[in-house]
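One structure below.
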Amino acid sequence: MAPPSVFAEVPQAQPVLVFKLTADFREDPDPRKVNLGVGAYRTDDCHPWVLPVVKKVEQKIANDNSLNHEYLPILGLAEFRSCASRLALGDDSPALKEKRVGGVQSLGGTGALRIGADFLARWYNGTNNKNTPVYVSSPTWENHNAVFSAAGFKDIRSYRYWDAEKRGLDLQGLLNDLENAPEFSIVVLHACAHNPTGTDPTPEQWKQIASVMKHRFLFPFFDSAYQGFASGNLERDAWAIRYFVSEGFEFFCAQSFSKNFGLYNERVGNLTVVGKEPEGILRVLSQMEKIVRITWSNPPAQGARIVASTLSNPELFEEWTGNVKTMADRILTMRSELRARLEALKTPGTWNHITDQIGMFSFTGLNPKQVEYLINEKHIYLLPSGRINVSGLTTKNLDYVATSIHEAVTKIQ
C-alpha cells in the first residue's frame, strides 16, 4: 500500500482577508454592491486607473531598441534606486550630499520591509538580534507583524496610536509607550497616510516623537507607501522622513510605488538606508546583497524603468505629480461628500474624523457588527475594523453608501 501524501498533515491556512473580501465581492450578483475593501485606487467609474504618464513611458520603453532583458544587478537598477531615495529624502538632503544613503530595489514595499527586517535580525546592533523588541502601531497594516515575525523577531510589541473614543491620534499614549521601550528597540513608523486609520501626526507631534526616540536610542523604520498620494504634495508627505534626517537619525525607509504610480502588479519598491558615514552604507549594502541573492536574486526591470524614467525627466516628473494630485484630490472630495451626507442624515456620532484623516483609507469607527450588517444586508464590502478605501466611493454610489452607514449605525449598536 502506498504511503499517504507527505502533505497530508498540512493544515488549511486562513485566506488573506482583504483579498478574500474582493473575491466575495466579485461573486456577489447584487447590482448595488460596493467594494470599499480593496487597497487600490479607483476612478469615479470604479475602474483601475493607468496613469497617463505611465502609458507614455511604457510606450517609450517599448520603442527603445537599446533595452534588453538581461538580469539587473542584485541590488537593482541604479538609476531607480537613486531617484527613489532622492524622492523620499529631497534634493537638498544632507544625507545625500554626504553620500551616506543607499538603496535596494525590492518587490514592492513588502519586499523592502522584508529585506530590512532580515538585515536587522542578523546585523542590527551586533549579530543575531532576534530578541530586539520591534514596535508597531496599534492598529497597523497587518503585514507588519507577519513580516517581522517571518524574519525571526520574537518580541513584537504595539505602541498606542488610535484613540477610538475621540477618533484621532493618541499622542500621549504613543509617547509614553516609546518612552518605556527598551533602548535600541526598532520602531515601525508610517511616513504618511497611516494605514488603516488615515490619521497622521502633525509636524509638531512628529518632533515630539523624534525627541523621545532620540534619547531612547530607538531605531526608526519608516513605511512610506503613499508619498504624494496622501496630501497631493510630495514634500508634505515626506516631512517626517526629512525631519528625522535633520535630527541625525540612522534609519530604514521602505518605499512603495504601487499607489503613487498605479503600478500594483509590477511590484516596484525601494529600501532607502540612511547611515552616519559612506563606508558604513557600503558595508550594509554588501550584506543586503547577500540577503537579496537568496530571496529573489535579481529584481524585475519594467516597473523600475518606468519610475526611473519618470522621476529623472523634468517634463515627465511634472506630468506625474499632476496625475498623483488628480488621485489625491478625488479622494479628498469623496471624504468631504461622505461626511456631508452623513451629517445631513443626522447619523448618530461625529463624522469630522473622515475629513481630518488623509490618504486612501478612512477608519470610520464602525464596529464589527455594523460592518457585518453592511456586508450581508447592503452588499457593501469593508474590513471588520471599519476601514474603508475612500476611492471606492463614487458620485454614483455615495448616497447609497451614506444611507446604508446611517442605517447600520442607527439599527446596530
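Glycine is treated like the rest: Cβ placed from N, Cα and C.
Because the structure is a prediction, the values reported are computed rather than measured.
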**Fill in**
Joining GLY39, TRP141, ARG387 at the L-aspartate site recorded in Swiss-Prot, out of ASN180, ASN195, ASN323, ASN352, is ASN195
**Complete:** Least Cβ-packed of the recorded positions SER149, ASN195 (other Cβ atoms within 10 Å) is SER149
**Asked** Given the recorded L-aspartate site (GLY39, TRP141, ASN195, ARG387), which additional residues of the same chain have their Cβ within 8 Å of the Cβ centre, ordered by sequence?
**Response** VAL18, GLU142, PRO196, MET360, PHE361, LEU383
**Prompt:** Helix, strand or coil: which one is ARG387 (L-aspartate binding site) in, per DSSP?
**Reply:** strand
**Message:** Whole-number answer please: how many Å between the C-alpha atoms of GLY39 (L-aspartate binding site) and LYS259 (N6-(pyridoxal phosphate)lysine)?
**Reply:** 9
**Prompt:** Including all protein chains displayed, how many Cβ atoms other than that of TRP141 (L-aspartate binding site) lie within 10 Å of its Cβ?
**Reply:** 23
